[in-house]
Amino acid sequence: MGGAAGHGSSPAVLAASPGTMAPPKENVTILFKLYCLTVMTLVAATYTVALRYTRTVEKELYFSTTAVCITEVIKLFLSVGILAKETGSLGRLISSLNENILGSPMELAKLSVPSVVYALQNNMAFLALSNLDAAVYQVTYQLKIPCTALCTVLMLNRSLSKLQWFSVLMLCGGVTLVQWKPAQATKVQVEQNPWLGFGAVTIAVLCSGFAGVYFEKVLKSSDTSLWVRNIQMYLSGIVVTLGGVYISEGTQVLERGFFYGYTYYVWFVIFLASVGGLYTSVVVKYTDNIMKGFSAAAAIVLSTVASVMLFGLQITITFSLGAVLVCISIYLYGLPRQDTTKIQPSEPKSLKERLMHV
(Lines of atoms letter the chains of each structure in order from A and count residues from 1; the text may use other names and numbers.)
(Lines give C-alpha, C1' and ligand atoms only; values in the text may rest on other atoms or scores of the structure.)
Protein backbone atom coordinates (compact mmCIF):
# COMPACT_ATOMS: atom_id res chain seq x y z
CA MET A 1 0.00 0.00 0.00
CA GLY A 2 1.26 3.50 -0.80
CA GLY A 3 1.97 6.32 1.65
CA ALA A 4 -1.12 7.63 3.37
CA ALA A 5 -1.00 11.21 2.38
CA GLY A 6 1.57 11.25 -0.36
CA HIS A 7 -0.07 8.60 -2.55
CA GLY A 8 -3.74 9.13 -1.72
CA SER A 9 -4.09 5.75 -0.07
CA SER A 10 -5.59 4.75 3.23
CA PRO A 11 -4.92 7.49 5.81
CA ALA A 12 -4.79 5.15 8.74
CA VAL A 13 -4.50 1.41 9.11
CA LEU A 14 -4.79 0.50 12.76
CA ALA A 15 -2.97 -2.75 13.29
CA ALA A 16 -4.00 -2.73 16.94
CA SER A 17 -7.57 -3.44 15.84
CA PRO A 18 -7.71 -6.40 13.46
CA GLY A 19 -9.76 -5.76 10.34
CA THR A 20 -9.91 -2.01 10.99
CA MET A 21 -9.16 0.21 8.03
CA ALA A 22 -9.65 3.84 7.20
CA PRO A 23 -11.59 4.85 4.09
CA PRO A 24 -9.68 4.45 0.82
CA LYS A 25 -9.52 8.21 0.16
CA GLU A 26 -7.90 11.10 2.00
CA ASN A 27 -11.32 12.74 2.34
CA VAL A 28 -12.38 10.59 5.25
CA THR A 29 -16.05 10.02 5.94
CA ILE A 30 -17.99 11.22 8.96
CA LEU A 31 -18.58 7.54 9.81
CA PHE A 32 -14.83 6.93 10.02
CA LYS A 33 -14.36 10.01 12.24
CA LEU A 34 -17.15 8.84 14.53
CA TYR A 35 -15.62 5.38 14.67
CA CYS A 36 -12.20 6.75 15.70
CA LEU A 37 -13.73 9.11 18.27
CA THR A 38 -15.85 6.30 19.72
CA VAL A 39 -12.95 3.85 19.99
CA MET A 40 -10.69 6.53 21.47
CA THR A 41 -13.36 7.41 24.05
CA LEU A 42 -14.03 3.79 25.04
CA VAL A 43 -10.31 2.97 25.24
CA ALA A 44 -9.66 6.07 27.39
CA ALA A 45 -12.55 5.20 29.73
CA THR A 46 -11.37 1.58 30.08
CA TYR A 47 -7.80 2.78 30.61
CA THR A 48 -8.87 5.07 33.47
CA VAL A 49 -10.72 2.29 35.29
CA ALA A 50 -7.93 -0.26 34.72
CA LEU A 51 -5.27 2.23 35.82
CA ARG A 52 -7.21 2.97 39.01
CA TYR A 53 -7.35 -0.77 39.69
CA THR A 54 -3.60 -1.27 39.25
CA ARG A 55 -2.79 1.71 41.49
CA THR A 56 -5.21 0.83 44.30
CA VAL A 57 -5.60 -2.97 44.37
CA GLU A 58 -2.18 -4.34 43.40
CA LYS A 59 0.05 -5.11 46.42
CA GLU A 60 3.41 -4.42 44.76
CA LEU A 61 3.10 -0.99 43.17
CA TYR A 62 4.90 -0.67 39.83
CA PHE A 63 6.82 2.44 38.77
CA SER A 64 4.46 4.62 36.75
CA THR A 65 7.36 6.30 34.89
CA THR A 66 8.55 2.96 33.49
CA ALA A 67 5.02 2.17 32.32
CA VAL A 68 4.88 5.49 30.44
CA CYS A 69 8.25 4.72 28.82
CA ILE A 70 7.18 1.21 27.76
CA THR A 71 4.01 2.72 26.29
CA GLU A 72 6.11 4.99 24.06
CA VAL A 73 8.20 1.99 22.93
CA ILE A 74 5.10 -0.05 22.05
CA LYS A 75 3.55 2.88 20.16
CA LEU A 76 6.80 3.19 18.20
CA PHE A 77 6.79 -0.50 17.20
CA LEU A 78 3.08 -0.41 16.32
CA SER A 79 3.64 2.67 14.14
CA VAL A 80 6.56 0.99 12.36
CA GLY A 81 4.35 -2.06 11.75
CA ILE A 82 1.52 0.06 10.34
CA LEU A 83 3.97 2.01 8.16
CA ALA A 84 5.31 -1.33 6.87
CA LYS A 85 1.82 -2.34 5.82
CA GLU A 86 1.24 1.12 4.35
CA THR A 87 4.43 1.07 2.24
CA GLY A 88 3.82 -2.50 1.10
CA SER A 89 7.35 -3.90 1.17
CA LEU A 90 10.39 -4.09 3.44
CA GLY A 91 12.51 -2.18 0.93
CA ARG A 92 10.10 0.77 0.77
CA LEU A 93 9.79 0.73 4.57
CA ILE A 94 13.57 0.95 5.02
CA SER A 95 13.74 3.67 2.36
CA SER A 96 11.00 5.66 4.12
CA LEU A 97 12.70 5.32 7.52
CA ASN A 98 16.07 6.34 6.07
CA GLU A 99 14.58 9.37 4.35
CA ASN A 100 12.29 10.60 7.14
CA ILE A 101 14.17 9.52 10.27
CA LEU A 102 17.92 9.18 9.68
CA GLY A 103 17.98 11.71 6.85
CA SER A 104 15.74 14.33 8.45
CA PRO A 105 17.24 15.51 11.76
CA MET A 106 15.31 18.81 11.54
CA GLU A 107 12.01 16.95 11.25
CA LEU A 108 12.96 14.84 14.28
CA ALA A 109 13.75 18.03 16.19
CA LYS A 110 10.42 19.50 15.12
CA LEU A 111 8.52 16.49 16.51
CA SER A 112 10.51 16.52 19.74
CA VAL A 113 8.80 19.79 20.72
CA PRO A 114 5.47 18.16 21.78
CA SER A 115 7.31 15.50 23.81
CA VAL A 116 9.33 18.09 25.73
CA VAL A 117 6.30 20.36 26.24
CA TYR A 118 4.15 17.46 27.48
CA ALA A 119 6.93 16.49 29.91
CA LEU A 120 6.95 20.09 31.19
CA GLN A 121 3.15 19.99 31.46
CA ASN A 122 3.22 16.82 33.59
CA ASN A 123 5.83 18.29 35.92
CA MET A 124 3.89 21.55 36.27
CA ALA A 125 0.71 19.58 37.02
CA PHE A 126 2.54 17.74 39.80
CA LEU A 127 3.89 21.04 41.18
CA ALA A 128 0.41 22.58 41.02
CA LEU A 129 -1.15 19.64 42.89
CA SER A 130 1.54 19.98 45.56
CA ASN A 131 0.61 23.62 46.17
CA LEU A 132 -3.13 23.78 45.55
CA ASP A 133 -6.16 22.03 47.00
CA ALA A 134 -7.39 19.23 44.76
CA ALA A 135 -10.73 20.97 44.12
CA VAL A 136 -9.03 24.25 43.10
CA TYR A 137 -6.67 22.32 40.82
CA GLN A 138 -9.55 20.45 39.16
CA VAL A 139 -11.34 23.69 38.31
CA THR A 140 -8.33 25.66 37.09
CA TYR A 141 -6.84 22.78 35.08
CA GLN A 142 -10.00 22.56 32.96
CA LEU A 143 -9.01 25.91 31.45
CA LYS A 144 -6.91 23.75 29.10
CA ILE A 145 -10.13 23.22 27.08
CA PRO A 146 -10.72 26.88 26.10
CA CYS A 147 -6.92 27.32 25.87
CA THR A 148 -6.81 24.57 23.23
CA ALA A 149 -9.65 26.28 21.35
CA LEU A 150 -7.76 29.60 21.47
CA CYS A 151 -4.55 27.95 20.19
CA THR A 152 -6.56 26.34 17.39
CA VAL A 153 -7.82 29.74 16.26
CA LEU A 154 -4.44 31.46 16.53
CA MET A 155 -2.16 28.71 15.16
CA LEU A 156 -4.37 27.00 12.56
CA ASN A 157 -6.22 30.04 11.12
CA ARG A 158 -9.51 28.39 12.03
CA SER A 159 -12.68 30.17 13.09
CA LEU A 160 -15.13 29.09 15.77
CA SER A 161 -18.76 30.13 15.84
CA LYS A 162 -20.36 31.67 18.91
CA LEU A 163 -22.19 28.37 19.41
CA GLN A 164 -18.91 26.45 19.40
CA TRP A 165 -17.30 28.84 21.90
CA PHE A 166 -20.37 28.42 24.09
CA SER A 167 -20.09 24.62 23.84
CA VAL A 168 -16.36 24.77 24.75
CA LEU A 169 -17.10 26.81 27.89
CA MET A 170 -20.03 24.51 28.70
CA LEU A 171 -17.70 21.51 28.39
CA CYS A 172 -15.22 23.21 30.71
CA GLY A 173 -17.95 23.65 33.33
CA GLY A 174 -19.31 20.13 32.80
CA VAL A 175 -15.92 18.44 33.29
CA THR A 176 -15.33 20.54 36.41
CA LEU A 177 -18.63 19.36 37.91
CA VAL A 178 -18.01 15.72 36.91
CA GLN A 179 -14.64 15.71 38.68
CA TRP A 180 -15.72 17.88 41.60
CA LYS A 181 -15.00 16.54 45.07
CA PRO A 182 -16.10 18.54 48.11
CA ALA A 183 -13.24 20.08 50.06
CA GLN A 184 -12.29 18.05 53.10
CA ALA A 185 -10.51 19.17 56.23
CA THR A 186 -7.23 17.31 55.83
CA LYS A 187 -3.88 18.01 57.38
CA VAL A 188 -1.36 19.39 54.94
CA GLN A 189 2.01 17.76 55.55
CA VAL A 190 4.04 20.32 53.58
CA GLU A 191 3.75 24.07 53.34
CA GLN A 192 1.78 25.11 50.28
CA ASN A 193 2.42 28.16 48.10
CA PRO A 194 -0.85 29.06 46.28
CA TRP A 195 0.83 31.58 43.96
CA LEU A 196 3.37 28.97 42.90
CA GLY A 197 0.49 26.54 42.40
CA PHE A 198 -1.48 28.96 40.22
CA GLY A 199 1.65 29.77 38.23
CA ALA A 200 2.33 26.08 37.67
CA VAL A 201 -1.24 25.28 36.61
CA THR A 202 -1.18 28.25 34.20
CA ILE A 203 1.98 26.89 32.55
CA ALA A 204 0.43 23.38 32.45
CA VAL A 205 -2.72 24.74 30.76
CA LEU A 206 -0.70 26.67 28.17
CA CYS A 207 1.52 23.64 27.52
CA SER A 208 -1.52 21.40 27.01
CA GLY A 209 -3.11 23.75 24.48
CA PHE A 210 0.09 24.55 22.61
CA ALA A 211 1.52 21.01 22.36
CA GLY A 212 -1.69 19.46 21.06
CA VAL A 213 -2.32 22.14 18.43
CA TYR A 214 1.38 22.23 17.45
CA PHE A 215 1.27 18.49 16.70
CA GLU A 216 -1.97 18.98 14.74
CA LYS A 217 -0.34 21.77 12.70
CA VAL A 218 2.67 19.58 11.89
CA LEU A 219 0.41 16.69 10.85
CA LYS A 220 -1.79 18.78 8.57
CA SER A 221 0.77 21.12 7.03
CA SER A 222 2.54 18.48 4.92
CA ASP A 223 1.86 15.25 3.02
CA THR A 224 4.15 13.21 5.26
CA SER A 225 2.52 9.99 6.44
CA LEU A 226 0.81 10.12 9.83
CA TRP A 227 2.80 7.05 10.90
CA VAL A 228 6.13 8.62 9.94
CA ARG A 229 5.18 11.61 12.11
CA ASN A 230 4.25 9.27 14.95
CA ILE A 231 7.59 7.46 14.70
CA GLN A 232 9.42 10.79 14.79
CA MET A 233 7.51 11.88 17.89
CA TYR A 234 7.74 8.54 19.74
CA LEU A 235 11.52 8.39 19.28
CA SER A 236 11.88 11.68 21.14
CA GLY A 237 9.17 10.55 23.57
CA ILE A 238 11.25 7.52 24.56
CA VAL A 239 14.26 9.73 25.29
CA VAL A 240 12.16 12.15 27.35
CA THR A 241 10.39 9.41 29.34
CA LEU A 242 13.68 7.59 30.02
CA GLY A 243 14.93 10.87 31.46
CA GLY A 244 11.78 10.96 33.60
CA VAL A 245 12.49 7.45 34.91
CA TYR A 246 16.04 8.42 35.83
CA ILE A 247 15.09 11.70 37.53
CA SER A 248 11.97 10.50 39.39
CA GLU A 249 12.68 6.89 40.35
CA GLY A 250 16.18 6.09 39.09
CA THR A 251 17.56 4.72 42.37
CA GLN A 252 14.51 2.56 43.09
CA VAL A 253 14.44 1.21 39.53
CA LEU A 254 18.11 0.20 39.82
CA GLU A 255 17.40 -1.55 43.14
CA ARG A 256 14.16 -3.35 42.25
CA GLY A 257 14.30 -3.61 38.46
CA PHE A 258 12.62 -1.80 35.57
CA PHE A 259 9.62 -4.16 35.52
CA TYR A 260 9.11 -4.36 39.29
CA GLY A 261 5.44 -4.87 40.20
CA TYR A 262 4.31 -5.62 36.64
CA THR A 263 1.32 -7.95 36.36
CA TYR A 264 -1.01 -8.92 33.54
CA TYR A 265 -3.26 -6.03 34.57
CA VAL A 266 -0.36 -3.57 34.29
CA TRP A 267 0.49 -4.82 30.82
CA PHE A 268 -3.20 -4.46 29.91
CA VAL A 269 -3.09 -0.82 31.03
CA ILE A 270 0.05 -0.25 28.94
CA PHE A 271 -1.62 -1.88 25.93
CA LEU A 272 -4.67 0.37 26.32
CA ALA A 273 -2.47 3.46 26.59
CA SER A 274 -0.59 2.43 23.43
CA VAL A 275 -3.69 1.78 21.34
CA GLY A 276 -5.32 4.92 22.72
CA GLY A 277 -2.28 6.96 21.72
CA LEU A 278 -2.46 5.74 18.13
CA TYR A 279 -6.17 6.46 17.86
CA THR A 280 -5.59 9.89 19.38
CA SER A 281 -3.15 10.77 16.59
CA VAL A 282 -5.72 9.64 13.99
CA VAL A 283 -8.41 11.78 15.68
CA VAL A 284 -6.09 14.82 15.72
CA LYS A 285 -5.19 14.25 12.05
CA TYR A 286 -8.75 13.90 10.75
CA THR A 287 -10.78 15.98 13.23
CA ASP A 288 -9.08 18.42 15.61
CA ASN A 289 -7.71 18.89 19.12
CA ILE A 290 -10.93 20.42 20.42
CA MET A 291 -12.85 17.31 19.38
CA LYS A 292 -10.16 15.26 21.14
CA GLY A 293 -10.97 17.25 24.28
CA PHE A 294 -14.66 16.45 23.95
CA SER A 295 -13.79 12.76 23.55
CA ALA A 296 -11.66 12.91 26.71
CA ALA A 297 -14.56 14.50 28.60
CA ALA A 298 -16.92 11.74 27.49
CA ALA A 299 -14.32 9.19 28.64
CA ILE A 300 -14.26 10.82 32.11
CA VAL A 301 -18.04 10.42 32.38
CA LEU A 302 -17.94 6.77 31.21
CA SER A 303 -15.06 5.84 33.51
CA THR A 304 -16.83 7.42 36.49
CA VAL A 305 -19.99 5.44 35.74
CA ALA A 306 -17.87 2.28 35.52
CA SER A 307 -16.22 3.15 38.84
CA VAL A 308 -19.67 3.25 40.44
CA MET A 309 -20.19 -0.41 39.52
CA LEU A 310 -16.63 -1.62 40.15
CA PHE A 311 -15.43 0.45 43.10
CA GLY A 312 -18.67 1.50 44.79
CA LEU A 313 -18.25 5.19 43.93
CA GLN A 314 -21.30 7.28 44.79
CA ILE A 315 -23.04 9.27 42.03
CA THR A 316 -23.60 12.88 43.14
CA ILE A 317 -25.88 15.64 41.89
CA THR A 318 -22.87 17.60 40.65
CA PHE A 319 -21.68 14.59 38.63
CA SER A 320 -25.12 14.11 37.06
CA LEU A 321 -25.38 17.79 36.13
CA GLY A 322 -21.83 17.79 34.78
CA ALA A 323 -22.48 14.68 32.68
CA VAL A 324 -25.56 16.33 31.13
CA LEU A 325 -23.55 19.48 30.33
CA VAL A 326 -20.78 17.38 28.72
CA CYS A 327 -23.29 15.54 26.50
CA ILE A 328 -25.05 18.76 25.43
CA SER A 329 -21.76 20.53 24.71
CA ILE A 330 -20.54 17.65 22.51
CA TYR A 331 -23.76 17.86 20.48
CA LEU A 332 -23.59 21.66 20.15
CA TYR A 333 -19.93 21.71 19.08
CA GLY A 334 -20.63 19.21 16.29
CA LEU A 335 -23.48 21.20 14.75
CA PRO A 336 -21.44 23.52 12.47
CA ARG A 337 -19.89 21.32 9.75
CA GLN A 338 -16.27 22.26 9.02
CA ASP A 339 -13.43 20.60 7.12
CA THR A 340 -10.81 20.14 9.83
CA THR A 341 -8.63 17.62 7.97
CA LYS A 342 -6.31 20.34 6.65
CA ILE A 343 -4.88 23.69 7.67
CA GLN A 344 -7.02 26.57 6.49
CA PRO A 345 -5.19 29.03 4.15
CA SER A 346 -4.32 32.35 5.73
CA GLU A 347 -6.96 34.99 5.07
CA PRO A 348 -6.82 38.71 5.83
CA LYS A 349 -9.17 38.34 8.80
CA SER A 350 -8.75 40.24 11.99
CA LEU A 351 -8.18 38.35 15.24
CA LYS A 352 -11.65 39.34 16.41
CA GLU A 353 -13.23 37.91 13.26
CA ARG A 354 -11.42 34.57 13.74
CA LEU A 355 -12.24 34.38 17.43
CA MET A 356 -15.92 35.09 16.91
CA HIS A 357 -16.94 33.90 13.47
CA VAL A 358 -20.69 33.49 12.94
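Heads up, the Cβ atoms here are built off N, Cα and C, so glycines get one too.
Those TrEMBL annotations? Automatic predictions, nothing curated.
Remember, predicted model here, so these are calculated numbers, not experimental data.
Taken from TrEMBL as is:
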TRANSMEM  30-50  transmembrane segment
TRANSMEM  62-84  transmembrane segment
TRANSMEM  163-180  transmembrane segment
TRANSMEM  195-215  transmembrane segment
TRANSMEM  227-247  transmembrane segment
TRANSMEM  259-282  transmembrane segment
TRANSMEM  294-311  transmembrane segment
TRANSMEM  317-335  transmembrane segment
Positions whose Cβ lies under 8 angstroms from the transmembrane segment (62-84), at least six residues beyond its ends: 12-16, 54-55, 90, 93, 96-97, 225, 227-228, 230-231, 234-235, 237-238, 241-242, 244-245, 248-249, 252-253, 258-263, 266, 269-271, 273-275, 277-278
Where else in the chain does the transmembrane segment (317-335) make close Cβ contacts, counting only residues six or more beyond its ends and a cut-off under 8 Å? 163-164, 166-168, 170-171, 173-180, 290-291, 294, 297-298, 300-301, 304
Maximum Cβ pairs under 8 Å to the transmembrane segment (259-282) - stretch from the list 30-50, 163-180, 227-247: 30-50
Do any residues, 6 or more residues outside the transmembrane segment (163-180), come within under 8 Å Cβ-to-Cβ of it, and if so which ones? 135, 138-139, 142-143, 145-146, 149, 290, 293-294, 297, 300-301, 304, 316, 318-319, 321-326, 328-330, 332-333, 335-336, 355-356
Residue numbers, six or more beyond the limits of the transmembrane segment (227-247), whose CB comes under 8 Å of its CB atoms: 4, 63, 65-66, 68-69, 72-73, 75-76, 79-80, 82-83, 86, 96-97, 100-101, 104, 107-108, 110-112, 114-116, 118-119, 122, 215, 218-219, 253, 258, 278, 281
